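Remarks on the structure that follows.
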Amino acid sequence: AESSAMKFQRQHMDSDGHPDTNTNYCNEMMVRRSMTQGRCKPVNTFVHEPLEAVQAVCSQKNVPCKNGQTNCYQSHSSMRITDCRVTSSSKYPNCSYRMTQAQKSIIVACEGTPSVPVHFDATV
């Protein structure tokens, strides 16, 4: 089975991604990373930074998670991200997404020893 840490990497890490050169980035990546199976995942964020940089967030600023849990951490620096959001006209199985690129601080939930990201909580 896929671990929470591996699922996080599949759903959120694209260190070498260059969405700026590809208008179909979200449509292609959401399929490639298996987020359009059974339904179209409504929203997903990809992070274009080295995995080590994202894993390091687990030792940065401790903040409350959206669900009230206390194991979330906010990155000190802003990171290159791409938000993929399903379009209103999108109909499964033909999932269609619009993309927004940004530089934002990320908030992730971390678990384990060593502590690694297992859930993408928010961007600020």
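Cβ from N, Cα, C; glycine included.
Of the cysteines listed (CYS58, CYS65, CYS72), Swiss-Prot assigns CYS58 as the disulfide partner of CYS110. Following the DSSP three-state reduction, the secondary structure of LYS7 (substrate binding site) is helix.
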